[in-house]
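Colleague: My questions will all concern the structure given below.
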């Protein structure tokens, strides 16, 4: 390690302040600080600091994503081979998925980090770590067969319009990963919906039943999967959204490390369950619903991208509500609206994406009203204090 | 009558290097220094020239904009040097001490039975006004104001903080006299906050409203106590005094002399003589600590709010503590990996340090990361037990939005209340400075 350190110091020499390549220092620093936590000491304020930094926080999210990611690779292979009716082994399935999925990750990181580095150099700040998570999330919520150039274009849109246009990390209003998905969804709908895209190379096969469960429900078709299949995630869908079980494993890590907000996750699931229960109660009120409204409420929680969206997207601290009370409201409405969009608008079976983006937009408003109550309390205190003075005088 | 205050949110850092409860008389320093920058926003004006002879209690300088506010010499001797910094700003006034102190005699006075105006005059002419701080803004109090209350916090919750019970146990009479004097300065109450240790000695102090404070740091911060007891509204003025400074004021009335004696605890993992030292204000730090090199940081105060000192410098005016910790200018390979380097404390759970709640940590001055944009939410609220939205207030301060700062409670906070917020902050933003600059803006814009 000592040797690497010395080499790095040597390499960094021309990038030092006042030297020839000073401007490009953020790029080199990004690589350096990836290998070593720097030797910076506190100069002002508190002399000691917490061990946590943004890199740690972001890497923890990446770790939380790994179970769902690996499962997604395997499931991609599984869906492919089982739909074709071919015999296959565990490793063949995983290999098939990996061959499809790893290029997506590489493209996402290369394009996204390229833009991030360019902006860091252009704006003269260090490279923020946020894209480590975003860059992994984007391929995970896309169909496995999405052409790589579309993925790249979505990444460009998400990073430029979704993030940098607002001032970079920490300032964006929308979750960048969902911005990418929304872009792809509306720009290339044929690649993002229907019953041909969710199973790897499905378009080559004639009689494939590659619909997602939400798609089947919306179309009024029979769902051929059991509840446990849905929970384990052995169903067609975006690469890593299917396995509720492994998403919950990731959620557990996020909650235990206090990186993800349990308030948002819990309230979002409660919101989704509440909306689904309302729909389930329709027949009792004399309204005949459809397959989607009658789908059991617990089923709503485990199908589609709801769990993935709630655990990994809704909890993005930048685009979520920032106050504690606000988080409860924000989460609840995400769950509530997700199921509502699902049921009322079968053209967009994946409601969670739109629900989260919508709530991203409203999060500052929620915070505003939460904070306003604090401000009102303070103003009231002044009034009562002056009133006291008057009565004593 | 006592009222209990229980603080739930916060963080008590357990660090290596607590001071042993043994009081030692420090050797007399060759020079003593009063440093005007210790009094934030003060513009000093010298009354003496270099080479002048002074008695302990003689005026050295006063506040340019409030000339009643005088700052006096803690020892008798010769004014050796006036150290100036940029733009001829006075940084230090150094006095070469006589072997024995000769005090200027202000005359004894019974504070309880004296006229309020006379008490105030005595406090000011002796230089004891310097001990009185004002909230909002956390600056030296303006004697022209009438505070709605005075707060004294004898609660130690800061990391490695000195034990107030131990410091005050032999100074109870002076403390009582000091309280009697302070009572004359406000039409309101004098609030005294105590913890289990200081309560043993201070529970019978008369003329105060006693508050038993329990809970993690920053429960001991006077700002947090004010917030719980009698929060500051726009236009209010409250004053705060450190407990040992109350005894100095008390001694002034009991003896007629400005006896600027203080107890300073030497703490921290790198200190070898971890004891309580009895010093005179402005003493040389080298007289009470072991010789250290560049790789040790000397802090006048605690690790969260203290001031960095060089080995040949003088202890700050308000410090009751000197902390020595190792510098952390080393690289750590793959320091970003979660659950590694668990010997570094973290309030987040990305380090396994939380599994050892009783372990005493040995922190260095490493920043443990680099400055980033504010991303993570919710961590600040965990360590700020106030009805204030920290992140929103910080952002308002950064933006210089005065109305927003006012609405979000800028009058109720001081930089030290945000020290823990700064400690836990993932983005490594210099939050105490942000708050300080915000307060400075309020001083110039609102006053």
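Glycine too: its Cβ is placed from the backbone N, Cα and C atoms.
Quick caveat, the model's predicted, so the values are computed rather than measured.
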Colleague: According to TrEMBL, which listed range is transmembrane segment: A:101-122, A:167-188, A:189-210?
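Modeller: So the range that TrEMBL calls transmembrane segment is A:101-122.
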Colleague: According to TrEMBL, which stretch among A:31-49, A:297-315 corresponds to the feature transmembrane segment?
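Modeller: Residues A:297-315 are the ones TrEMBL records as transmembrane segment.
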Colleague: Given the ranges A:351-371, A:372-392, which one is assigned the annotation transmembrane segment in TrEMBL?
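Modeller: Feature transmembrane segment in TrEMBL: residues A:351-371.
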Colleague: Just jot down the residues in the same chain as residue A:212 (FMN phosphoryl threonine), at least 6 apart in sequence, with C-beta under 8 A of its C-beta; none if empty.
Modeller: A:195, A:198, A:235, A:236, A:237, A:303, A:304, A:349
Colleague: As a test: from A:101-122, A:230-257, A:327-345, pick the stretch that has the greatest number of Cβ pairs under 8 Å with the transmembrane segment (A:264-285).
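Modeller: Ranked by Cβ pairs under 8 Å, first place goes to A:327-345.
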Colleague: Below 8 angstroms Cβ to Cβ, which residues of this chain, lying six or more residues outside the transmembrane segment (A:58-81), approach it?
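Modeller: The answer is 87-88, 90, 92-98, 100-101, 129-130, 132-133, 136-137, 140, 144, 198-202, 210, 233-236, 239-243, 246-247, 249-251, 253-254, 257, 259-260, 308, 312.
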Colleague: Give the nonlocal contacts of the transmembrane segment (A:230-257) in its own chain as ranges (CB under 8 Å, at least six residues past its ends).
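Modeller: Same-chain contacts beyond the flanks: 60-61, 63-69, 71-73, 75-76, 78-79, 97, 101, 104, 139-144, 198-199, 210-213, 265, 299, 301-305, 307-309, 311-312, 315.
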Colleague: Using a Cβ-Cβ cut-off of under 8 Å, list the residues of the same chain that are 6+ residues beyond the ends of the transmembrane segment (A:327-345) and lie near it.
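Modeller: 214, 261, 263-276, 279, 290, 292-293, 300, 304, 306, 309-310, 314, 320-321, 351-352, 354-356, 358-359, 362-363, 366, 370.
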